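So the structure is just underneath, and the comments pick up after that.
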Amino acid sequence: MKIQGIVPPLVTPLSDQDALDGEGLQRLIGHQLDAGVDGLFVLGTTGEGPSLSASLRAEMIAQSGRLIDGRVPMYVGITDTSLVDAVKLAGVAADSGAAAVVAAPPFYFPAGQTELRGWFQRLADALPLPLLLYNMPSCTKIAIELPTVEALIDHPNIVGLKDSSGDLKYLGEAVQLAAAGRPDWPVLVGPEALLVEAMGLGAVGGVAGGANLAPKLFTELFAAVQRKDQATIDRLQPIVIQLQTLYGFGKYGSSYLKGLKCALDLRGICSGLLAAPFDVFKPADRQRVATWLDGFADSGFLAQ
């Protein structure tokens, strides 16, 4: 299994608080595959994984696995405060054809780095699939610090890192640790606006939430970086920055998810419903997203 490229973190289309929008999921995955993505990440932050019931998470994994049907690797988020439940969810992922699972630190009690290292070692030992570490301190309130990364690189079942910290110094040092200890150990970047810079530091790809809406933008940008096509990079990077403005509508930190799901809803791709406690946008913000879509359509990258 080679982990690289553009791996969109799928939103979870909902028809109710505990029901999947199956038709929307089919359209969403179809758009990603048509754009040539390199993998799909189910039940990450963009997929609202920690907010979903165990049964709904299992259904999302199973349906996604059926729709992907081995055409690209499927990565499944198993982040949980319970090690036992994380392992159980990994079993569902294995049964559904996943290539690997992804886990951020447990996010309620403030674990020390020694305890966190032990958690990931025990988790990796118990899993039926390879594990990618997920550094997401803005949500978990605890970072996987670099000495912890270094200590975990040698574990045979820990196969890479997804870094969503937005800290390029951290990412670059993680890449250097991998190069020194395990050169085939990949680092993926989360924040999509940093894809070009992160790849310059040695990241092998990105987990771009905006690819739910505009997957071809990111597959083309990744390809341009690989072939060192600066003219294309200079043309596409401003469009990526324009896409970021979608995430600023609304009052709260959840506006990223709300804006993205609202845009997908307005495009007729999937439902815009969010898991509790989040509400959908009120009419005024929904209209702002509609106006934004009209402007972004000029880029030519909106999923049809």
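Each Cβ is built from the backbone N, Cα and C atoms, and glycine gets one as well.
Bear in mind that TrEMBL entries carry predicted annotations, made automatically and left uncurated.
In TrEMBL this protein carries:
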{"type": "BINDING", "residues": "Thr46, Val207", "note": "pyruvate binding site"}
{"type": "ACT_SITE", "residues": "Tyr134", "note": "active site, proton donor/acceptor"}
{"type": "ACT_SITE", "residues": "Lys162", "note": "active site, schiff-base intermediate with substrate"}
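Annotated features, which come from TrEMBL, shown on the structure.
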residue: Thr46; record: pyruvate binding site; Cβ neighbours (10 Å): 24
residue: Tyr134; record: active site, proton donor/acceptor; Cβ neighbours (10 Å): 28
residue: Lys162; record: active site, schiff-base intermediate with substrate; Cβ neighbours (10 Å): 28
residue: Val207; record: pyruvate binding site; Cβ neighbours (10 Å): 29
Legend entry - Spatial separation of Val207 (pyruvate binding site) from the residue listed as 'active site, proton donor/acceptor' - C-alpha basis, Å: 11
Inset, instruction - Specify the secondary structure state of Lys162 (active site, schiff-base intermediate with substrate) as given by DSSP, simplified to three classes. - result: strand
Inset, instruction - Determine, to the nearest whole angstrom, how far the Cα atom of Val207 (pyruvate binding site) is from the Cα atom of Lys162 (active site, schiff-base intermediate with substrate). - result: 8
Inset, instruction - Check Thr46 (pyruvate binding site) against DSSP and tell me helix, strand or coil, would you? - result: coil
Legend entry - Where Val207 (pyruvate binding site) falls in three-state DSSP terms: coil
Legend entry - Inter-residue Cα distance where the pair is Thr46 (pyruvate binding site) and the residue listed as 'active site, schiff-base intermediate with substrate', in Å: 14
